[in-house]
Amino acid sequence: MCAARLAAAAAQSVYAFSARPLAGGEPVSLGSLRGKVLLIENVASLUGTTVRDYTQMNELQRRLGPRGLVVLGFPCNQFGHQENAKNEEILNSLKYVRPGGGFEPNFMLFEKCEVNGAGAHTLFAFLREALPAPSDDATALMTDPKLITWSPVCRNDVAWNFEKFLVGPDGVPLRRYSRRFQTIDIEPDIEALLSQGPSCA
């Protein structure tokens, strides 16, 4: 069994986990988001799709946040070292470099974490177990073995920056999307969940 899976195995929903905000302060319990639809992405500020995905994350949060969507971003440096800034440097990198132009995320960003390997954040260990492969590309894998910097390697590992996990209002992961699936194209799935109304979970 891959490391961190044991810690996540007993969890039934994302509400069992917490993460520290990028700006610092006390950890945020995902249980505080009960009843919301969550879109969770591992992000990086120096990736080829940073501009596209960050701006689309902002757009979804702007349009659907008032109806119950919460977008959560987790910076990760495990893929091509494309999030090599310190936590306190990431917001300035986004504002002045990429996407640049004064960009500010309107969604929740958390401290850098690992999503694969022995040091994986328990939330991502849980998400990977719940949804072992992206629904749009079940064979998605890290394409260059030289870039694998973690151990152990598992079949359900996140393959690159900007993989997405959609979580229902009961905290149960519903769908995983590959890096190639544009963030904005998840909107119909989010809309379907929002139209179901609040959960009593």
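One-based numbering along the chain as shown.
For all residues, glycine too, the Cβ spot is worked out from N, Cα and C.
These features come from Swiss-Prot:
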{"type": "MOD_RES", "residues": "Ser32", "note": "phosphoserine"}
{"type": "SITE", "residues": "Unk47", "note": "site 'Subject to oxidation and hydroselenide loss to dehydroalanine'"}
{"type": "ACT_SITE", "residues": "Unk47", "note": "active site"}
{"type": "MOD_RES", "residues": "Lys86", "note": "N6-succinyllysine"}
{"type": "MOD_RES", "residues": "Lys86", "note": "N6-acetyllysine"}
{"type": "MOD_RES", "residues": "Lys112", "note": "N6-acetyllysine"}
{"type": "MOD_RES", "residues": "Lys112", "note": "N6-succinyllysine"}
{"type": "MOD_RES", "residues": "Lys146", "note": "N6-acetyllysine"}
{"type": "MOD_RES", "residues": "Lys146", "note": "N6-succinyllysine"}
{"type": "MOD_RES", "residues": "Ser195", "note": "phosphoserine"}
{"type": "MOD_RES", "residues": "Ser199", "note": "phosphoserine"}
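Structural mapping of features recorded in Swiss-Prot.
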residue	record	Cβ contacts under 8 Å, 6 or more apart
Ser32	phosphoserine	none
Unk47	site 'Subject to oxidation and hydroselenide loss to dehydroalanine'	Asp53, Phe79, Gly80, Gln82, Trp160, Asn161, Phe162
Lys86	N6-succinyllysine	none
Lys112	N6-acetyllysine	Phe74, Pro75, Cys76, Asn77, Glu83, Asn87, Ile90
Lys146	N6-acetyllysine	none
Ser195	phosphoserine	none
